[in-house]
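Heads up, the thing below is written out as C-alpha cells.
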Amino acid sequence: MDEDDDLFGSDLDDDDKRDKGSPEDKKFFFRKELRSMLYGFGDDKVGKPDRIALEDIHYLIRRDPKKFARVKRDTPVREGSYGFVYGVSGPVVTAEKMAGSAMYELVRVGHGELVGEIIRLEGDFATIQVYEETSSVTIGDPVLRTGKPLSVELGPGIMGSIFDGIQRPLKDIADMTKSIYIPKGVSTKALSRDIRWDYVVNKHITVGSHVTGGDEIGSVHENLLINHKIMLPPNSCGTVTFVAPSGQYTVEDVLLEVEFAGHKEKFTMLQVWPVRNPRPCAEKLAANHPLLCGQRVLDALFPCVQGGTTAIPGAFGCGKTVISQSLSKYSNSDAIIYVGCGERGNEMSEVLRDFPELTMEVDGVTTSIMKRTALVANTSNMPVAAREASIYTGITLAEYFRDMGLHVAMMADSTSRWAEALREISGRLGEMPADSGYPAYLAARLASFYERAGKVKCLGNPEREGSVTIVGAVSPPGGDFADPVTSATLGIVQVFWGLDKKLAQRKHFPSINWLISYSKYMRALEEFYEKNYPEFIALRTKCKEILQEEEDLSEIVQLVGKASLAETDKITLEVAKLIKDDFLQQNGYTPYDRFCPFYKTVGMLKNMIGFYDLARHAVESTAQSDNKITWAIIRDHMGDLLYQLSSMKFKDPVKDGEEKIKKDYEDLLEALQNAFRNIED
C-alpha cells in the first residue's frame, strides 16, 4: 500500500506512535493531520475548514531559503529580521511575524527588496505601504525589517540633481541600467560617494572647542550659487577631539570627531534625516520680507512672504505649472526644491530642458539657475504611494538648506495628487471615508505639511536666519473650489492665488482672478513697503478699488451700455481695462515681460493710478462749468500718452536697466500732468 492509501484509508491514531515513534511515524501523522485540516479527510469532519491559519501551512508556501541568496546585502541579517507576506492589495501589503516593528519603519518587501513603510501594526501583523510596483510580490515572500525610518541623505551634491520620490538619483539609475525604465528594487546611493569636494574648515573649530547641533564646521563651494555649509547634525554636542584640515574629501570621509560623556562620535559631510520628522530650529520668526516672483499681479496685489504658505488652485489649463515654474526661475529665493507629485512627466522634462538654459549673474559671472534647483520627480505614471514620500522628501531637503541660512522655495505640483494617493491607500485599508471618499485625516495631513514652512532662527553658530516658503498647486476636478482638498488647503494657507478658467479661455495669463484671490501678509509687509516704496500701499489700495468698481459697473453696462454712464464711471471702466490688459496680464514668453522687477511694477502702477486721479480731477472740477471735460475729450487729446501708458510693459529690465526705466516712467507722469493742465486751460 502506497503512502497516499495510508493517508486516506488507514485509521492509525495511536498517541504513542505519534509522540514517541520513529521520525517516519511522526512525519506520517503530521501529513495526515495537515491533509485532514486542509481537505477535511479523516475523523468526522467533511468539507474545507472555515479558515486555515497561514502559520499552520507556512512550510508549504514559504519560499525555499536558498533563494534568499538573491537578496544581496552589505551586512549580514539576523533571521528574526524577516517577516513574511500575508496578503497583497495593490500598493498595500500585509505581512506577518512582524512583532517588534515600529510605525513608519522602513522595510524591504519580497525578493526584489521593494521599498515600503509600515503604516499600521496589529498583533504581529503589519500593514505596509509599498513605494514601488507590487506585481511580482507573492504570499510567503520575505519582508526585511531595517529598524530605521524612511530617511533622506543630506550633503553636497543635492543641487542640480533629479531624484524620485524616495530620493533615488534618476540619472545614476539611467547610467547604471542603460534603460528608460526604473527597475524594481533598484538600490543606489542618493549622493555620490566618489566625487571629492573642496572642503574649507571653519577656523573657529579647533581641538578642545565645544560644539553643539547646527554649528557650522566648514563649507563646500558646491557651485557659484550655493556655498554649502557643513553643519553638525541637530541633537549632537560635545568637545572636539579631531578636526580634518581643509582639502578634498568625499561625503564619507571623517571631518570631525566629538567626545561627549566618554563616548566619541565621528562626523562626515553626510547627514541622514527621517523625512517625517521636521528638522528643529532655535526659534520661529515672523516673516517680513516679500517673496518677489516677477509676476506683477502677484507681487503687487497678492504678495507672499519668504517663509509663507501659498495655494494655487485652478482647473486644467489655467496655468498652475507655468506660475510654479516662473516662481522657480525668477523668485528672490536662494534655493529651489521643485516636487512634481503625480503630474505629467513632460512638465518635469520641460523643467530639465529649460532651467539649464536660464541664467543669472553672480559677481559678474553668468551661471545656470539649475545649480540652485533640486528636482523630486514622482510623475503620474510612477507608483501612487510614492507621492506621499516625494512630498516629505522635498520638504526635508528644503529644511536642510534653510538650516544653512538660505531662503528656500518649495513647489509642490500638485498636492491634489497626493490627496488622491491618500484616498486610495485609505480605501484599501478599509478606513471610513469622509467627503468625496477622502480620509477623515486629510486636513491634518495637509496641515502637518504646510506648517513646516516658516522663517526661523537656525540652530548653532554663527547666528543665521533661513526660511522655507511652500507653494502648493491644487487641481480641483472641474475647477470646483468646494472640493475637499481645496477647502482644506484654504483653511491652512495664508495666500490664495485663485486661477480662473474664463480668464484662461480669454488668453489672459497669468489667469489670477483678482476678485477672489487674497493675501493675509499685507500687514506683515507694510514695514518693508514703507521703507523702500512709501507710495506703494496707497497705489495698491486704489488699484483694487478700481477693479472692484469695474466689476460692479459691468452689469449696468450690459443693460444700458457705456454711453449712459457718468463721465467718472467711464474713466473707471477705461482705466480698469488699462490695468487688466497692460498691468495684470503678462506674456511669459517674451524677454521684456517674462520677469518684472518690483521697481518696474511700482512705476507702472504709479503712472496708471496717476492718470486715473488726474482724469477724475479734471472731469469733476469742470462738471459745473461751461467747458466740461469729458472722457471723449481726454481720449482725443491724449491718444499718444495713452499709448505710452499701455506700452510701459515693453521696457526690458535687462537691456534698459533700472535707472533708465525709472526715468522714463517719471518723464511719462510729468507729461501726463502737463497734458491735463493744457486741457483744463
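Using the three backbone atoms N, Cα and C, a Cβ is placed for every residue, glycine included.
From a predicted model like this one, the values you see are computed outputs, not experimental measurements.
Residues or ranges marked as region 'Disordered' in TrEMBL: 1-24.
Here TrEMBL flags 1-14 as compositional bias 'Acidic residues'.
Residues or ranges marked as compositional bias 'Basic and acidic residues' by TrEMBL: 15-24.
Note on the domain 'ATPase F1/V1/A1 complex alpha/beta subunit N-terminal' (85-147): DSSP counts are 0 helix, 36 strand, 27 coil. Look at TrEMBL and you will find 85-147 tagged as domain 'ATPase F1/V1/A1 complex alpha/beta subunit N-terminal'.
Positions annotated as domain 'ATPsynthase alpha/beta subunit barrel-sandwich' by TrEMBL: 189-276.
Annotated domain 'ATPase F1/V1/A1 complex alpha/beta subunit nucleotide-binding' per TrEMBL: 294-519, in sequence order. Across the domain 'ATPase F1/V1/A1 complex alpha/beta subunit nucleotide-binding' (294-519), the model assigns an average pLDDT of 93.
Taken from TrEMBL, the feature domain 'ATP synthase A/B type C-terminal' applies to 527-626.
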Are there three or more C-beta pairs under 8 angstroms joining the domain 'ATP synthase A/B type C-terminal' (527-626) and the domain 'ATPase F1/V1/A1 complex alpha/beta subunit N-terminal' (85-147), sequence spacing 6 or more?
no
Secondary structure tally of the domain 'ATPsynthase alpha/beta subunit barrel-sandwich' (189-276) (DSSP, helix then strand then coil)
0 helix, 43 strand, 45 coil
